[in-house]
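Q: Handing you this structure, nothing more for now.
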């Protein structure tokens, strides 16, 4: 700093700080004629030398003893060194003639700020370039105002604290041990069989042949491969998620929610469970329709076809419910029986395809022939069918790959079973579909009449495959034929060796799919309800028996299925169900992509055969298929998922599953933080980032609420808590407090961070926080504290620590904000304020809500200005009080009401901004940010500035121009021309009484004794110090009078905080200034920026 001091004390300061040509024009006349200009420029060093010479307390050795009590040897700086009057003050031996005569008419007619290098607000400071024909004017830096004159800046290094020892944590069991007798399935019985049964549906027997007829063998294989690609990619993604840690019950819901978080998981889980429940109805109705057709063929209908479907469907679903409720073991046995029947039906078809008979030829089945294969190789779309419409009909036959994953809780080793069973099932069923397509296309013609007489004649020109085999089916081109691939849905029964077995296969396919869905839906729903994503559904989370069967879920699924069975018209609901399944597949694929993109160290699936980009392609394919199948159903699905997503996001369930969303948020935050560090701060992007010394967050609610009002969604807010302790720090307790307080912030919707530290005193703890809190550009730039209301009642060592904390903040180039309420800020000692410290924020068992009516009388002191909170009569205050404790004292009642004043809407009023010195604009920015909030929206900004008594109108216009350039709305500008007027006599006497206990009174003792006492008690006020800063002291007294006169009814006063130079102004005198300035006024916010511009009028 030695290089900077000459500029501070040289003639250059005159050109820098005489910034307002209007207000400073008369300043030279105020300088006594006996004081040459060059003496004025050299005066500050003389001032400092004389000051230390007279007092004799600048000896570093003497001050060093102050460290014995843990305090640094620095004391306050005085920014207001005399500029015009101090020449005679220090050029003579007697000293302070101008200060003693400072309140003459000549003195208080001068421009406000004439006797300080602290600059008043000026538009020139905010320009980016110099004004025409002039140098660019800059305000004094914080270091120039605040650093010691004769010492190097304070450069205390923080002591290296001991590294906290690693806390030993007991390993918690992730899952309960399996109960004795619990039924668990392996990968064949639990996954492979289920998936094959669910994928092999009715489509295999009654639609596959029609698809081959429409699309031809080539495009049918393409359709099968396209569907298989989608399901295979989804199977790979499912395998990756399932092998990335322990998988519990819940199937698709569990996989998605634990990967993408509760928002996606909760929304997809609900519709997936619902889709499975309705799918029960779909499959059962398919079974019932087949049964009713058989009854109709033998004229055995009970009533009519529609009601018979309902009757058969109801009886069937009751039977399936009984099997499911009997337990998973019985359901698994039933699935095996159904699989045997289904495999028998498929084998029956292939065996029959090699045994053509003449009786089947008129119906189109000739056995394997090359001519038929070639003819059926290409497409022949009819009845406005297209490739995509046929694909939409087939694709639901390829779904069902999650049947095994849906009972993940009942698998012995889901991490191994799900990949093996799912992928093998996709392979087997895919090959089966391709084999059936090739087989049907090679041995069955598209159209046949069924008439033995339609043989080839010589007169007819016949060229199709049937002609080469001796039959002429050309009449079918006109329509009306009932046989062949295109016309007979039961053609596979015709081909098979034993057609009733094909019917049994259809029954098996429908019933197995219905049974799988009937089991899947309750399992998924039970897992969803256990997580309590949707309030009110918890009743379905209860399980029964050794397998924790969701009996209530079974009943609910039965009810939903039965309702849709009774409708018996599923043509509209079926596409939506298919889209629900596809939405689940899309999110599973997206989960793998998202987890891989987040690059979280926790994403380590043991299944390695996946790729993030393939998974992303799978997710996109699923969405495309959704719209191909049915565009309006896809839109409905997306809207439902979006609505549920928004609902869960709004409810914010209190769960933490380590989702990839969380990991990606971290990645993005880290990336943005690193990107920010490469960009220099710009004044347009300045935002107050506050380190608020709140203690526990609910200890000082007024401070917390006020700062939150101007930082929410604008800047960073960190609540610092300095825990002073003489014993060994309990870091485990510190961690628990951090978790509790951060949860409390979330519960109260306060956007802030909580940072506790252990330290031996407030100053050292604040040093830790000021230096360490933050990340790159995301670090505090403003220190916010509460005013020390009880300073005069406690140990003055605490005042020394408090004031030195402010100095440390200025040394680190922080802005400083201090809030004072007359009643105080700390309510931690009152009843009911220990809620935060209790476990999980639960109130004590013996608490009740007490409504206290507080009636407050106006203060009788004529000079006092009661705050708005104390003038409200009978204001009800709801608080938590215990029945066993005594009622609150009146003081505590007033304190509690005062602490809540910034929580409510402020109503119409004013925020009075006393912008006395230019600190960069922070004093003006904070009120502006406050008025942007709805709670402060009805308040208007009034600006008070110092000025010259005979140029008030001009000063007002200049300030109005500056504010309009800043685009800050204001209701009024008041120029105070009487700041330098003498304060009232009784107020001066009050100040004298206030400082009396803290004076050193060195004239009454030996110099050595005085120096020793000053070293031991550095806060002591010397007589020389009092005389030297008499003018500044009178200014604080006078400003308090003006505050009471002009801002008595303000909702909030924001005022430029006076600065004290380190090593010059004692803590007691500075504290007395702040006390005097802020006494008996409405809530007052002292603000002092770091003298870097935070406002600009450039775009």
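Cβ coordinates are placed from backbone N, Cα and C, and glycine is handled just like the others.
Automatic, uncurated: that is what TrEMBL annotation is.
Feature list, courtesy of TrEMBL:
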{"type": "COMPBIAS", "residues": "1-16", "note": "compositional bias 'Polar residues'"}
{"type": "COMPBIAS", "residues": "25-38", "note": "compositional bias 'Low complexity'"}
{"type": "COMPBIAS", "residues": "39-50", "note": "compositional bias 'Basic and acidic residues'"}
{"type": "COMPBIAS", "residues": "84-99", "note": "compositional bias 'Polar residues'"}
{"type": "DOMAIN", "residues": "101-152", "note": "domain 'Amino acid permease N-terminal'"}
{"type": "DOMAIN", "residues": "190-691", "note": "domain 'Amino acid permease/ SLC12A'"}
{"type": "DOMAIN", "residues": "700-1099", "note": "domain 'SLC12A transporter C-terminal'"}
{"type": "REGION", "residues": "1-51", "note": "region 'Disordered'"}
{"type": "REGION", "residues": "80-99", "note": "region 'Disordered'"}
{"type": "TRANSMEM", "residues": "191-211", "note": "transmembrane segment"}
{"type": "TRANSMEM", "residues": "217-247", "note": "transmembrane segment"}
{"type": "TRANSMEM", "residues": "268-288", "note": "transmembrane segment"}
{"type": "TRANSMEM", "residues": "308-327", "note": "transmembrane segment"}
{"type": "TRANSMEM", "residues": "336-355", "note": "transmembrane segment"}
{"type": "TRANSMEM", "residues": "387-409", "note": "transmembrane segment"}
{"type": "TRANSMEM", "residues": "421-440", "note": "transmembrane segment"}
{"type": "TRANSMEM", "residues": "501-521", "note": "transmembrane segment"}
{"type": "TRANSMEM", "residues": "554-574", "note": "transmembrane segment"}
{"type": "TRANSMEM", "residues": "580-597", "note": "transmembrane segment"}
{"type": "TRANSMEM", "residues": "609-627", "note": "transmembrane segment"}
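Help me picture where these features are in the structure shown.
A: For the domain 'Amino acid permease/ SLC12A' (190-691), the predicted model reports an average pLDDT of 84.
Beyond the ends of the transmembrane segment (217-247), by six or more residues, the same chain brings 174-175, 211, 254-255, 258-259, 373, 376-379, 387, 390-391, 394-395, 397-399, 401-402, 405, 408, 411, 414-415, 418-419, 422-423, 426, 430, 433-434, 437-438, 441-442, 585, 588-589, 591-592, 595, 602-607, 609-610, 614-615, 617-618, 621-622, 625 to within a C-beta distance below 8 angstroms of the stretch.
Counting same-chain residues at least six beyond the ends of the transmembrane segment (268-288), those with a Cβ under 8 angstroms from any Cβ of the stretch are 201-202, 250-253, 256-257, 308-310, 312-313, 316-317, 320, 406, 506-507, 510-511, 513-514, 517-518, 520-522, 524-525, 527-528, 533-534, 556-557, 560-565, 567-568, 570, 573-574, 577, 580-581, 583-584, 587, 637, 640-641, 644.
Within the chain, the transmembrane segment (308-327) has long-range Cβ neighbours (under 8 A, six or more residues past its boundaries) at 183, 280-281, 284-285, 287-289, 291-292, 295, 301-302, 334, 511, 514-515, 518-519, 522, 545, 547, 549, 551, 554, 558, 561-562, 565-566, 568.
Using a Cβ-Cβ cut-off under 8 Å and counting only residues 6 or more beyond its ends in the same chain, the transmembrane segment (387-409) has close neighbours at 185, 190-192, 194-195, 197-199, 201, 203-204, 207-208, 211, 214-215, 219, 223-224, 226-228, 230-231, 234-235, 238, 242, 247-252, 254-255, 276, 328, 379, 381, 417-418, 421-422, 425-426, 429-430, 433, 513, 516, 519-520, 523-524, 527, 548, 574, 578, 581-582, 584-585, 625, 628-630.
Long-range contacts of the transmembrane segment (421-440) within the same chain, counting only residues at least 6 positions beyond its ends with a Cβ under 8 Å from a Cβ of the stretch, are 187-188, 190-192, 194-196, 199-200, 204, 208-209, 211-212, 217, 220-221, 224-225, 228, 231-232, 235-236, 238-239, 346, 349-350, 353, 368, 397-398, 401-402, 404-405, 485, 491-492, 495.
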Q: Mind pulling out the one from 191-211, 501-521, 580-597 with the most Cβ pairs under 8 angstroms to the transmembrane segment (336-355)?
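A: Counting Cβ pairs under 8 Å, the winner is 501-521.
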